[in-house]
Structure formats: C-alpha cells, structure tokens
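The structure appears right after this line, and notes come after that.
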Amino acid sequence: MSVQDNLIKASHLIDMNDIIREGNPTLRQEGLDVTLPLSDEDIILGEKMLAFLRHSQDPVMSEKLGLRGGVGIAAPQLDISKKIIACLVPKEFDTEEAAEMTSDAYRLATIMYNAKIVAHSVQDAALADGEGCLSVDRDVPGYVVRHARVTVEYIDKNGDTQRLKLRGYDAMVVQHEIDHTNGIMFYDRINEANPFAIKEGMLIIE
Ligand SMILES: [Zn+2]
C-alpha cells in the first residue's frame, strides 16, 4: 500500500507520526504537479490535511492525538511528493464572546493544488517572531524574508482554477507551504550571517 493509500483510509486521522522531519530527502524534492481532473485520492488527501490542521488547533483533539498546532501543511511533509497544500488560519477575536458569535472562525481555510506565485510585491516582509514548521523540531530564530504581497494561482478541490491575492500573515503562511512543494525550507530564507537583518523597506509583521 502506498503512503497516500494508507493516509487516506477512512479510519485514519493524520498525526505527528505521519509527518517526516528535516533530513528526509523528500522535503528537498520538488513535488509533482497533480494531474487533472483531480483523482479521488488527491481530493481525499487534501481534505485529510485540512482536517489535521483543524484538529491541531482544537484543544481536545490536539491533546488526544498529540498534535503540534499548525496553520499549514504540504503533501511533501507527509512523504508525498506532490503539489498539494492546506492552510487554516484562524480569525483573531478581541474577546471570547466575539469568537463565539460567529460560525466562521477562519480567515483562510483552503486546499490548493499546484499552487504557484504568479505575481508579487517588490516589498519584502517577515514575521516578527520568525517561523516554525511541523517538520522542524527545533527553534530557528531569524526573519524569514518573503514577499509582502503575492497573487497565487491554484486549482481548488472542484478542479477550478483560482487566483487569490494575499498579504500579511496569510501571505507568509501560503508562501511557506508553496516552498515545501518546491523543496525549500523556511530557514533557507533567513540571512545566515545576520538572521535579524532588516532590508530597507522590509515589512515586519507583528
Ligand atoms: Zn513547514
């Protein structure tokens, strides 16, 4: 049974044991484009990846499954060398009461096939607190220099081509995951000599 067949079994919930860690060569390969029309297997894998993120952010499920919280995951992290990513960014609420008043708790909840950046700002940006990765079990401090704004083109789960403009935190998350489908790790984008160097005009996202 292939890795993917195993992961998409109805009874299987993706957990940390399914996630490969740095040093595994799959993380350094460029993933293959998925073929269209999307296969049932690729559709189910995408759904499973998004479910993993939902579980990882849920206090009960994350404890039960022993998950690290995540806002994005890419198929190569599951040892599947394909261009499939899922992103789940929760909305930020001022109060718990405000959070409970909406059923729409996510700012970005998406599965993207063959996602690529088709346009980007000249301005760079980085998250003030740096980045982490489910495949990296250590802190790597420093600014991960990315595009401040990107336009991403991808195939959605219905097989339709979509274009999405992103900025701020969402743009950083999606770029991190697209990087995984191209064999790039977040720390490749940290200035080695001076991890907290700020290029002129670079936006720091708090
Ligand atoms: Zn990652």
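Each Cβ is built from the backbone N, Cα and C atoms, and glycine gets one as well.
According to TrEMBL, the feature active site maps to Glu177. In the three-state DSSP classification, Glu177 (active site) falls within a helix. Cβ neighbours within 10 Å of Glu177 (active site), excluding its own Cβ and spanning all shown chains: 24.
Under the heading Fe cation binding site, TrEMBL lists Cys133, His176, His180. For Cys133 (Fe cation binding site), the same-chain residues that are 6 or more apart in sequence and have a Cβ closer than 8 Å to its Cβ are Glu22, His176, Met185, Phe186.
Compute the center of the Cβ atoms of Cys133, His176, His180, which mark the site for Fe cation; besides them, the chain residues with Cβ within 8 Å of that center are Gly72, Ala74, Gln77, Glu131, Leu134, Ser135, Glu177, Asp179, Met185, Phe186.
Around the Cβ of His176 (Fe cation binding site), a 10 Å sphere holds 24 further Cβ atoms from the protein chains shown. Counting only same-chain residues six or more apart in sequence, the Cβ atoms lying under 8 angstroms from the Cβ of His180 (Fe cation binding site) belong to Leu27, Gly31, Ala74, Pro76, Gln77, Ile85.
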